[in-house]
Amino acid sequence: MRASLPVHLVVCTQLSAVWFGVAKAHGGHRLEPHVPGFLQGFTDITPAGDDVSANVTSSEPAKLDLSCVHSDNKGSRAPTIGEPVPDVSLEQCAAQCKAVDGCTHFTYNDDSKMCHVKEGKPDLYDLTGGKTASRSCDRSCFEQHVSYEGAPDVMTAMVTSQSADCQAACAADPSCEIFTYNEHDQKCTFKGRGFSAFKERGVLGVTSGPKQFCDEGGKLTQEEMEDQISGCIQLSDVGSMTADLEEPMEADSVGACMERCRCDGRCTHFTFNDNTRMCYLKGDKMQLYSSPGDRTGPKSCDSSCFSNGVSYVDDPATDVETVFEISHPIYCQVICAANPLCTVFQWYASEAKCVVKRKGFYKHRKTGVTGVTVGPREFCDFGGSIRDREEADAVGSDDGLNAEATMANSPDFHDEVECVHTGNIGSKAQTIGEVKRASSLSECRARCQAEKECSHYTYNVKSGLCYPKRGKPQFYKYLGDMTGSRTCDTSCLRRGVDYSQGPEVGKPWYSTLPTDCQVACDAEDACLVFTWDSATSRCYLIGSGFSAHRRNDVDGVVSGPYTFCDNGENLQVLEAKDTE
């Protein structure tokens, strides 16, 4: 029998931490929290007009970028903060805006030399001698040819010749997260939470940017990543009438409740009540209704595997279900995930309509269709890929959820990431040794394989740090993290073999990857074999006497030994030992 392996175990369903844009302890990570920049009030202005702000450390005065100034007699009707400042230059007025908390833009008058520091959204009008500009002309964090036009607007659109004005307007409204500026009609549109699902690349004449000014730390990619973690959760007073999967439990936060849903293979969405702190896991499509204190969200907010502008055309032969009043494509994905016949979904922005489709959809594919979003039934950070779904449907292959697609030598097998959670998934399991940088995911995996006790690893693509881990994975969300098994070798795993009715050891455990079940079994001293059920994502950890409960030709299951395949173990040898 196997040797004793002392490991501290924490099951996935007990996790409560999730990253929502706030720095938290993370297994040895050196955290660099995202903190909005600010400027203190400046104490002096040089005769030349340069800003000597409290945060300027250089001996040379700071040079202000004034490239976004409306120099064509433009003022702003927006409220002025405090009293106008007299007898200053344009440069000094720009510096004054930067020094005043809450200033989003300013108006300077060439004739009167008066400076009006403004708050709120720029409201431009013709003013003799007027020059108006955003708090910052830095556009380094804007992205060209990127559009979020399909996302719902949270503010009235604004017409301006300067894209920097769009950022000033967005910064003034707490509901705005990002803006999109169209150079052709000089119009800004403003988008709120959930915007990331509507991203389109390659749109000529369009620029998008974050609400936070670039020179104060604004990053569009950061906003996107945070939106894909929590942007689709209902803000307040929205519950779900869908039946609960189990008795509700207390949770520390809405993030902790979401994490419980992520760890349960049956869960499609959840409801958390801010007043009672109770967490309700749901296993069917959302049935939203008004409920005081409730906040409801899907298993995942990640929309990175969706495609915008693609349509499969409605067809009774492939349409399984049509649902109206669906406000976001993520909610459409939940409906698809809850329907066993669904392979992909199609969401129409103008009608708030969700159509879920079965196999055979690909032959109706069209591109360049405005206002339509499509995606796979699998949540993006759980391996969902619309491209893989399309390829499988085009050749008439089996459903991508069955066990064949999870095994080596299958057509869609990619050994680099087959056993890796790529969607901002970290592990809180104990880190082995010193945390060091790695040049790639592969190097981090090799480092894990060089450590005798390493069962899995976490690699952060942003910092390049590699964390070899021991014991059972303890998954949670963390930006940039990827977590994988020690090896992607699945040669000793067997499809269709089921030991799930054998003597279970440890607590129920869930994962979307069968290789994680092997890691969990290896970490559980009494576990000899595991069975993974693809339909529920449940890992059955089975102990001595398992061989008497073997069943063959069971659809959707994968079984394997507790030791990794590249160590030479196999089920046949273990079964022989088990019957001795």
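Note: Cβ is positioned from N, Cα and C throughout, glycine not excepted.
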Based on the record in Swiss-Prot, give the one of CYS305, CYS332, CYS380 in a disulfide bond with CYS354. CYS332
Per Swiss-Prot, which of CYS419, CYS454, CYS466 is disulfide-bonded to CYS444? CYS466
According to Swiss-Prot, the cysteine among CYS257, CYS261, CYS301, CYS305 that forms a disulfide bond with CYS279 is CYS257
Cα-proximity to CYS115 (disulfide bond), 10 Å cut-off, over disulfide-bonded residues CYS97, CYS232, CYS257, CYS444: CYS97
What stretch, picked from 68-137, 141-214, 232-301, has the most CB pairs under 8 A with the domain 'Apple 5' (419-488)? 232-301
Of CYS97, CYS301, CYS342, i.e. the disulfide-bonded residues, those within 10 Å of CYS214 (disulfide bond) when Cα atoms are compared: none
Could you tell me the C-alpha distance between CYS342 (disulfide bond) and CYS466 (disulfide bond) in angstrom, no decimals? 38
Three-state secondary structure, CYS257 (disulfide bond) (per DSSP): helix
By Cα geometry, the one of the disulfide-bonded residues (CYS137, CYS301, CYS419, CYS488) nearest CYS166 (disulfide bond) is CYS137
For CYS188 (disulfide bond), the number of neighbouring Cβ atoms whose distance to its own Cβ is within 10 Å equals 26
